[in-house]
Structure formats: C-alpha cells, structure tokens
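Below is one structure, written out as structure tokens; comments come after it.
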C-alpha cells in the first residue's frame with residue numbers, strides 16, 4: 001500500500017508513515033507534483049494528535065537531534081493562514097513582552113498567505129535574525145531573539161513551493177509554531193482553525209512546555225481579538241489543559257471589529273507597529289497588542305492574572321520600555 005493510499009484510507013498513521021511523508025516533503029530531488037498530492041491529501045484528513053507530535057518531532061530531530069534548551073524561554077506566534085491580512089501583531093507583542101524581561105525566542109517566516117510575515121517586517125525594521133548557535137548570547141544581552149524559519153530549518157525551503165501552490169492552510173501551518181529550534185518553557189500560539197485547538201494544546205503538552213496558551217481569536221483570527229469571545233486552551237503548570245472563552249471587554253478594552261487590524265505592505269506594517277510602540281497609536285490596534293501581550297506575560301509567569309498582564313503591557317508601552325527594546329534590537 002502506497003503512502004498516498006494510507007493517507008487517504010487509514011484512520012491513524014504510524015510514526016514510520018509520518019517520517020516517510022516528511023522525508024518526501026523535505027527532499028530536494030522529489031517533484032512538486034508528488035509533494036502537492038501528498039500534502040494536500042494529508043491536510044484534508046482528520047489529523048490525530050499523536051500524528052502531529054510525530055511530525056513536529058520528526059522535523060526537530062532531523063535538524064536538532066540534541067535540541068538546545070534555554071530555561072525560561074518563550075515563543076509568541078500564530079499559525080498564520082487566517083486570511084485576515086492583519087498587521088504583525090505577534091511581532092509587535094514580542095517587543096513588549098521582552099521589555100518585561102521575558103526571554104523571547106520568536107520563530108518566524110516570510111508570508112505564505114498574507115502580505116507581510118514576521119521576517120518581512122524585520123527586514124523593514126533593519127533587525128537581523130539570529131543564528132541558533134548565537135541565540136543564548138543575544139538572549140542574555142537583549143532578552144529577545146528573532147530566528148528565521150528558513151535559516152533554522154533550511155529543509156523547509158523544499159516545502160515552500162508546494163505550500164504556495166496549495167494556497168491555503170495546511171498541516172504545516174500548525175507545525176510551524178511548534179518547531180522552535182529551542183526547547184521552550186512557555187508558549188503562546190494562535191491557531192487559525194478552532195477545531196485544532198485541543199490538538200495543538202495536547203501536542204504542546206507532549207513537547208514538555210511548562211505553561212502555554214493556545215487560542216483562536218473571535219471571528220476567525222489566529223490572535224486574540226477585540227471582536228467577541230476568544231477560545232482559549234490553557235496548559236497549566238500541573239499539566240492540566242483547561243478551556244474557556246475570553247472577551248476583551250471584560251478587561252476594560254473596547255469592542256472592535258477585526259477589520260481594524262488590517263495591515264498592508266511591510267512598510268505599512270512597520271509604521272503601524274512603530275506607532276503602537278512609541279505610544280502615538282491609541283486605537284484598537286494598540287488594544288489588540290495589549291491583550292495579546294497581557295496573555296503572554298501571564299503565561300510567562302510575570303504576573304498572576306491576565307488583567308495584571310494587560311496592565312503591565314500598558315505600562316511597558318507608556319513608559320517607553322517597549323520602544324527602547326525596539327531600538328536596542330536595531331543596535332541603536
């Protein structure tokens with residue numbers, strides 16, 4: 001039975017099946033047509049949680065058989081694929097969170113389905129990505145590291161053409177935030193598909209995170225939003241996964257439609273992020289950053305409650321520390 005047949009007919013795939021799939025997808029010598037058929041078929045099936053863990057571990061082990069660890073490190077990112085074309089919320093959040101002293105290893109990529117991915121924005125900011133080997137030194141000095149996915153996982157470049165061909169979210173969108181080269185203590189992940197929240201939360205637990213939040217934003221975003229109830233799966237320190245809804249209005253933030261968060265080109269997104277960090281933007285765009293930064297600070301144990309996290313994020317922007325972190329990352 002071929003791998004394609006097994007993907008289409010088997011309820012649960014073996015770890016060996018997953019390894020075969022990954023080996024094909026990262027091969028430079030196998031044609032895009034074959035990869036397209038396998039990846040599109042796999043992304044249409046009901047993915048089992050153990051399979052997602054197999055995929056993540058297969059990719060990590062391929063590049064980092066002895067995965068490095070930085071105690072207390074956190075990643076804040078989304079799966080992408082929500083087609084919202086929002087500005088770079090999680091990248092902006094990273095500056096705020098790192099300015100609180102959280103060790104942030106932000107793992108990002110160029111855009112697949114939007115106008116500007118995190119790496120596109122960093123290029124516009126003149127902020128260099130950091131190598132995996134140099135990450136501890138920069139974390140010690142600046143508390144913030146941006147690692148480009150194509151640099152940390154050069155094998156992923158062999159998947160990019162087929163992802164572009166498919167033109168919609170695939171299993172790789174779920175995988176992206178989970179393959180940080182470093183073993184993380186904390187993580188906050190936004191997921192484009194609400195039906196995958198529990199799947200991702202359980203996988204994050206399998207990966208050994210201490211605390212995490214996996215969320216789906218109201219009305220379809222992969223960030224917490226201001227437009228309604230956000231769906232939250234929280235991994236607690238004792239290993240429990242609890243789910244609940246979170247509405248920004250309960251924390252003193254005004255309701256706003258997701259359309260308020262539309263971004264544009266990397267140049268336009270730079271202006272948006274900078275005006276939030278320097279305090280000039282007091283609109284709902286600032287509020288959505290405060291909400292996501294507050295959640296991140298709560299996960300990273302900088303505060304005891306989400307409300308305190310939002311309050312701390314507000315202070316970090318208003319007192320200039322978040323902007324100072326931006327300038328520090330630019331070498332200024």
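Glycine is no exception: its Cβ is also placed from the backbone N, Cα and C atoms.
Look at Swiss-Prot and you will find 78, 109 tagged as anthranilate 1 binding site. DSSP gives residue 78 (anthranilate 1 binding site) a strand state. Annotation for residue 78 (anthranilate 1 binding site): same-chain Cβ neighbours under 8 Å, separated by at least 6 residues, are 89, 90, 177, 189, 190, 191, 192, 222, 223.
Residues or ranges marked as 5-phospho-alpha-D-ribose 1-diphosphate binding site by Swiss-Prot: 78, 81-82, 86, 88-91, 106-114, 118.
Taken from Swiss-Prot, the feature Mg(2+) 1 binding site applies to 90, 223. Take the CB of residue 223 (Mg(2+) 1 binding site) and look out to 10 A: across all protein chains shown you find 27 other CB atoms.
Annotation comment: Swiss-Prot describes 163 as anthranilate 2 binding site, evidence class sequence analysis. Residue density at residue 163 (anthranilate 2 binding site): 21 other Cβ atoms are found within 10 A of its Cβ, drawing on all protein chains shown.
Residues annotated as Mg(2+) 2 binding site in Swiss-Prot, with sequence analysis given as evidence: 222, 223. Under the three-state DSSP scheme, residue 222 (Mg(2+) 2 binding site) falls in the coil class.
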Cβ neighbour count within 10 Å of residue 222 (Mg(2+) 2 binding site):
27
Measure from the Cβ of residue 86 (5-phospho-alpha-D-ribose 1-diphosphate binding site) and count the other Cβ atoms within 10 Å, all protein chains considered.
27
Tell me the coarse DSSP state (helix, strand, coil) of residue 163 (anthranilate 2 binding site).
helix
Round to a whole number and give the Cα-to-Cα distance in Å for the pair residue 107 (5-phospho-alpha-D-ribose 1-diphosphate binding site) and residue 163 (anthranilate 2 binding site).
18
Given residue 86 (5-phospho-alpha-D-ribose 1-diphosphate binding site) and residue 163 (anthranilate 2 binding site), what distance in Å do their CA atoms have, once rounded to a whole number?
20
